[in-house]
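Student: Got a structure for you, written out below as structure tokens; questions coming shortly.
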Amino acid sequence: MTKIAVLGAGSWGTALANTMAINDVDVQIWSHRADQVEEINQQHTNEKYLPGAQLSPKLQAAADMTTAVKGADLVLVVVPTKAIRTVGEQLAAVLTSLNQQVILAHATKGLEQGTHLRISEMLREVVPAERYSALTVVSGPSHAEDVIKGDLTAVSIGATDKAAAGVLQAALANQHFRPYTNQDLLGSELGGALKNIIALGSGMLIGLGYGVNAQAALLTRGLVEMREVGQKMGAQPETFLGLAGIGDLIVTGMSPNSRNFRAGRALGQGQQLEQVQAEMGMVIEGVNTVKAVYEYSQANHLDLPITTALYRVLYEGADIEKQITSLMTRPLKAED
Ligand SMILES: NC(=O)C1=CN([C@@H]2O[C@H](COP(=O)(O)OP(=O)(O)OC[C@H]3O[C@@H](n4cnc5c(N)ncnc54)[C@H](O)[C@@H]3O)[C@@H](O)[C@H]2O)C=CC1
Ligand SMILES: O=C(CO)COP(=O)(O)O
């Protein structure tokens, strides 16, 4: 029987681990917070991250990473981007001490500040190559709040190694949750990270009182920017037309369950970024990703007008309405 360790007990790690527990997979979730481990094991809840949700009693949590990882065939890392290196280093030490090799998977959607590295690239830097047989990512349109309620969800598991993607696909699949596989790890990771930028913008439009025409325009032109960055970094363009691209862009750009959408909406309504981040209490990955992608575009001579406008709003204090006007009044051009 496949054993899986999930590292990170925020909303997404918990929802994915719970799906596997429901499927009778041997799964353990690790949290660095002992109170959370106790809550999951005793109450079968995770109130801070999934308020009101009842978790499967089969889901076991551990505060000690070695306990969770020992004997696992696959380790799924689901912590915010800024914690990936720390958790990756802890995992490397655990795998080395256990002399164990695993399939290394993650479900994190972001790029590293400064280096602009993808999550799998960071993991590769900190986990020795002999400690994992393959790398894979769970991406696609999937809010934890909806998954935990059993809403119908399809995701995309990207890996160059088909068998590795298949292990995660089999562990997660049920009548409510349908994972597809693809062989574009890079594009699947990027789609998940880049759509958060556009979701912030979509929220801002709604916060300012604009309508669905405006959202459709932003999401569609945002997809062009996502594809452009993806092509520059080496992704397959067709990945952006799948679940990890347009699929995730739709859900994150339209759903009030999205932290990025909600943050953008609050900013559009006039709140300050620091206040929005403090009140969310959960990671808003798009804020850092805007900066990483803006810097990448400057270094690589990419023209990304939406990303640039959002960078100016978030990091230079620019007025949102003025940025919208300047986007709308740029020199007219053909659609490409
Ligand atoms: N929430 C969702 O519906 C989805 C989230 N994601 C992605 O999954 C990733 C995680 O997001 P969420 O679960 O929403 O975040 P969250 O904010 O709900 O939870 C983050 C978890 O990571 C833990 N953590 C933070 N720093 C840590 C460290 N240094 N060591 C160990 N644990 C640490 C926190 O204690 C918390 O349990 C993000 O990249 C997000 O974009 C992807 C798809 C869906
Ligand atoms: O990636 C997600 C849904 O697919 C989650 O997006 P948020 O982090 O904006 O909630």
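Cβ atoms are placed via backbone N, Cα and C, with glycine included.
In case it helps, TrEMBL gives these features for our protein:
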{"type": "ACT_SITE", "residues": "K195", "note": "active site, proton acceptor"}
{"type": "BINDING", "residues": "G8, A9, G10, S11, W12, G13, A144, R259", "note": "NAD(+) binding site"}
{"type": "BINDING", "residues": "S11, W12, H32, R33, Y49, K109, A144, R259, V283, E285", "note": "NADPH binding site"}
{"type": "BINDING", "residues": "K109, G140, S142, K195, D248, S258, R259, N260", "note": "sn-glycerol 3-phosphate binding site"}
{"type": "BINDING", "residues": "K109, R259, N260", "note": "substrate binding site"}
{"type": "DOMAIN", "residues": "3-164", "note": "domain 'Glycerol-3-phosphate dehydrogenase NAD-dependent N-terminal'"}
{"type": "DOMAIN", "residues": "184-323", "note": "domain 'Glycerol-3-phosphate dehydrogenase NAD-dependent C-terminal'"}
Student: Can you grab the distance from R259 (NAD(+) binding site) over to S142 (sn-glycerol 3-phosphate binding site)? Cα atoms, rounded to a whole Å.
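Tutor: The Cα atom of R259 (NAD(+) binding site) is 12 Å away from the Cα atom of S142 (sn-glycerol 3-phosphate binding site).
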Student: What whole-number Å value do you get for the CA-CA distance of G13 (NAD(+) binding site) and K109 (sn-glycerol 3-phosphate binding site)?
Tutor: 12
Student: Give the subset of the recorded positions G140, K195, D248, S258, R259, N260 lying near ligand 1, defined as CB under 6 A from any of its atoms.
Tutor: none
Student: Given the binding-site residues G140, S142, D248, V283, state which is nearest to A9 (NAD(+) binding site) when distance is taken between Cα atoms.
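Tutor: Comparing Cα positions, the candidate nearest A9 (NAD(+) binding site) turns out to be V283.
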Student: Near ligand 2, which of the binding-site residues S11, W12, S142 are found, taking a Cβ distance under 6 A to any of its atoms?
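Tutor: The qualifying binding-site residues are S142.
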Student: Compared by Cα position, which of the recorded positions G10, S11, W12, H32, K195 is the closest one to S142 (sn-glycerol 3-phosphate binding site)?
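Tutor: That would be W12, nearest by Cα distance.
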Student: Check the DSSP secondary structure of S11 (NAD(+) binding site), expressed as helix, strand or coil.
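Tutor: DSSP assigns S11 (NAD(+) binding site) to helix.
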Student: Checking your reading of the structure: which of the recorded positions Y49, K109, K195, N260 lie inside a 10 Å Cα sphere centred on W12 (NAD(+) binding site)?
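Tutor: So the list is Y49.
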Student: Are there recorded positions among S11, K109, K195, S258, N260 that sit within 10 Å of Y49 (NADPH binding site), Cα to Cα? If so, list them; otherwise say none.
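Tutor: Neighbours among recorded positions, in sequence order: S11.
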